[in-house]
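This report concerns only the one structure given below.
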Number of protein chains: 2
Amino acid sequence: MNKGLLIVLSGPSGVGKGTVCAALRRKMPGLVYSVSATTRAPRSGEQEGVNYFFKTREQFQDMIARDALLEHAEYVGNYYGTPREFVEKTLAEGKDIILEIEVQGALKVKEKFPEGVFVFLLPPSLGELKQRIVGRGTESQDKIDHRLSVAVEEMNLLSRYDYAVVNDEIESACERIQAIITAEHCKRERFLHELFDELKSLTTAHNGSER
Amino acid sequence: MNKGLLIVLSGPSGVGKGTVCAALRRKMPGLVYSVSATTRAPRSGEQEGVNYFFKTREQFQDMIARDALLEHAEYVGNYYGTPREFVEKTLAEGKDIILEIEVQGALKVKEKFPEGVFVFLLPPSLGELKQRIVGRGTESQDKIDHRLSVAVEEMNLLSRYDYAVVNDEIESACERIQAIITAEHCKRERFLHELFDELKSLTTAHNGSER
């Protein structure tokens, strides 16, 4: 059996990763979602193992020590990370798994899973990205400038990804990600093994019956 | 403007390249078809520039001498080849072009267009391929054996292609090739140029307005 594909969906803050990922999961019920581990408290309605794996700080640090996380980061005093075992188990079962993650985390995952399929979600234009960043609320210009410069830095990481998908419309972005998944399954490597086995058996059978 | 994609559809004899290519062209009217040049006489209903570019032997040899063909081969006393100029012109116009060709010719095209997208069409199984080869008519066992060994050799070239598509059903094979084309358009290289131009202009505008 072929291993599944690890699809990593990333992109600058505010580009709509979460929305696209949720829409994609609705369209592809067979696609497994990689649930993150976190030390932050569950919010109302959040379920263990569905939204997050909720961990104590000690449990999380133990996971770091055991190299049980593909990547982790601290954000506003809480840890967030990607449990390695669930990803590996899903792939070994021949199922595709999607990981929605910010750009720095995605590149850490790439170090451990270079064979992953790394998709960078782009805003329809940088002007539009700025609009989304500026239009969020009533923050100070300094905060907005900071968010913009972070987004520009993130955009510079694009070259390390395999694919870029413009999030002009959720439906269309989903279709392009589905096409990428289909195409990756067609990559020759995934077929060679089975084919050569069949080739061998056919040649033997053929020689046996004809000579 | 981005250059178009050169899609090369190939695969073992009898796998159904022509049928899949024709179906794909019906589904994707914007996809340009690379018309071959040949020295064989037109058959009833065949049109110049639609089915083939019909050439005299002298004209064809002149094309070879001018390196005006991406590949060429002689088959049953007639020349067949792929005119380079039409392919290059179409790509420069930003249009995708598909080339349906046997496996040796495809690999010659790859030498000149390594950036092409090389798709290998596979039979549902090698047993099925054998069925198609054997089931064709009333030829001698020797001829059948020869066809089978050619097909097996062709199959061995699979690793030099970018994608493998199983021709289990025409509709489904077409969908997978369409997905490959979409995914190839999402490859990061095709976006970088435009994006960095926009990034530069935004940074300038931003700095100008804020400072």
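The first residue you see is number 1, and the count goes up from there.
Cβ atoms here come from the backbone N, Cα and C positions, even for glycine.
No curator has checked TrEMBL annotations; they are predicted automatically.
Annotated domain 'Guanylate kinase-like' per TrEMBL: B:4-182, in sequence order. Summarising the annotation, TrEMBL assigns ATP binding site to B:Gly11, B:Pro12, B:Ser13, B:Gly14, B:Val15, B:Gly16, B:Lys17, B:Gly18.
Each of the binding-site residues B:Pro12, B:Gly14, B:Gly18 was scored by the other Cβ atoms within 10 Å of its Cβ; the lowest score goes to B:Gly18. Between the binding-site residues B:Gly11, B:Ser13, B:Val15, B:Gly16, B:Lys17, B:Gly11 has the most other Cβ atoms inside 10 Å of its own Cβ, all protein chains included. Mean pLDDT across the domain 'Guanylate kinase-like' (B:4-182) comes to 90 in this model.
Listed in sequence order, the residues B:Leu121, B:Pro123, B:Asn167 complete the 8 Å Cβ shell around the ATP site centroid, once B:Gly11, B:Pro12, B:Ser13, B:Gly14, B:Val15, B:Gly16, B:Lys17, B:Gly18 themselves are left out.
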